[in-house]
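Note sheet for the following structure.
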Amino acid sequence: AAPLPRRHLRTVHRMWGAKPPTPLPPLPSALPAAPMTLLVLLLLCGGACVAYVLIQTRLPVCLLPSSLPVSTASVLALVISVVSVSVDGRLDSPPPSGELLDGAAALPNLLSPAPFAFAIWALIYAGEIGGTGAALLVKDAPLSLALEVSNDAWLATSIAQALWCAAFRPWALGSLWLAAVLLASSAACLATSQWRAYRSLATHASQTWAAAMIFTPRSLHLGWLTAATLVNGNAYLAASSVTPANALAAVIASLALAALLSLAFLASGLPAASIAVTWALLAVSKGEAVGPTADALGADVTNAIAMSAGLFAAVLTLVSIAQCITRLPGLLQRFNDPAVLTTATTPTPKTVRVGVGVIVQRADGRLLLGERHGSHGSGRFAFPGGHLEVGESWEETARRELEEETGIKAIEPMQHVATTNDYMEHDAKHYVTIFMRVRVDMTTEARNLEPHKCNGWAWVTWAEVSQVHESRLFMPVVHLLAEGRFDPNA
């Protein structure tokens, strides 16, 4: 067919606006090659954030002395996050006129969210700014503990997200996989942070409104990072040499995974994260798939993708509403009736119990310390030990508890070194704790035989224990330090 005369092209141009459509990015073979050194450096830094969080989870005691104060970590994380996202030039921000890309929709992707989706960032950052202010002012000990145990991972989240901001730019257009990996790293760190905070708050009385103000925006952030990771991953596939059929399979898997993660967040007590994922699915249902892969699949398939995302969003919304209706009466009662909050979370202890703590000391002077879990004092560090049972001597209890928790069979005789009186107001417990010391040789290894009660064991010095903030120590250990009754050199 003969080409249209130039005057016809002008007419069409006037009909549809003065600005010509933005061209799509070139094919992958023409994408700029990113400097390999910078790619490797960013990848290693992102991996370091995740590795730090994982190592801290396995051996948290070893890292505690160098942990940042709550206020410092909270402010630093917020500053890093806000500054990094405010720098223009990312692939999801409008560049100056005349450049190749015009917003996120210009990237080839079968999962392109509508522009309104990004309005959630305003809500996230407004909430996090308010939450950081609340964290600086909080005086509630259990809430301070929740911040203490979660803030290192929260700081790692901000660092990983800042690395993503550096990688999601035109210089790395040919390596979009890096952006997806860094976002996944950020989401993993934030999930760990929220899990630690939720676990700590679940076992301690706390200021409900203050906790919601601090951690709800972070949960919203977690949900959005989760969805953005899937979107970035599909952007990489759409810009690579993956066949349309495989790209479609990845989209279907991503939608299903997003729905499952949303339900998992809801079941884990993180409804804000579930809402953020649902919001992202709604935005995808209103977005437009672009790129050669979308053209190859055709309008019917891309419309089906949008309808599927919308269906998932609708179902998740109904599930969330149903759960809110179920939980709303109890939540309102907790928020509005101080008596209910007090009696439900901080009952007065009716009895005084006797506990036995075992100070296991190696030949090099190091002591065995673990992080409690699933009981009073959860999230705090303590020596092995347990309750004195009827008919037992102190030493019999110490030997039994030590073997049950660590697998260590004490051979040497035990020595009574201290007794503390421990009233734990926030846990509604009152104990008299008997501390027994037993010496072991350098080959002794501790196993975590009760993972539902302890997150792991580590050998530390008494000086390292004394450097740990008292909010991270089990109350009997706090009193043992304060009263100065234990001498590791005796």
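Quick reminder: no glycine exception, Cβ is built from N, Cα and C everywhere.
TrEMBL lists 351-487 with the feature domain 'Nudix hydrolase'. Annotation comment: TrEMBL describes 33-55, 67-87, 116-138, 176-197, 236-256, 263-284, 304-325 as transmembrane segment.
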**Report entry** Leading contact stretch, 67-87, 263-284, 304-325 vs the transmembrane segment (116-138) - CB distance under 8 Å
**Finding:** 67-87
Query raised in the report: How do the residues of the domain 'Nudix hydrolase' (351-487) split into helix, strand and coil according to DSSP?
Result: 31 helix, 49 strand, 57 coil
Query raised in the report: Restricting to the same chain and to residues at least six past its boundaries, which positions have a Cβ under 8 Å from a Cβ of the transmembrane segment (263-284)?
Result: 111-114, 116-117, 120, 194-195, 198, 202, 216-217, 219-224, 226-228, 231, 255, 305-306, 309-310, 312-313, 316-317, 319-320, 323-324
Query raised in the report: Any idea what the model's mean pLDDT is for the domain 'Nudix hydrolase' (351-487)?
Result: 89
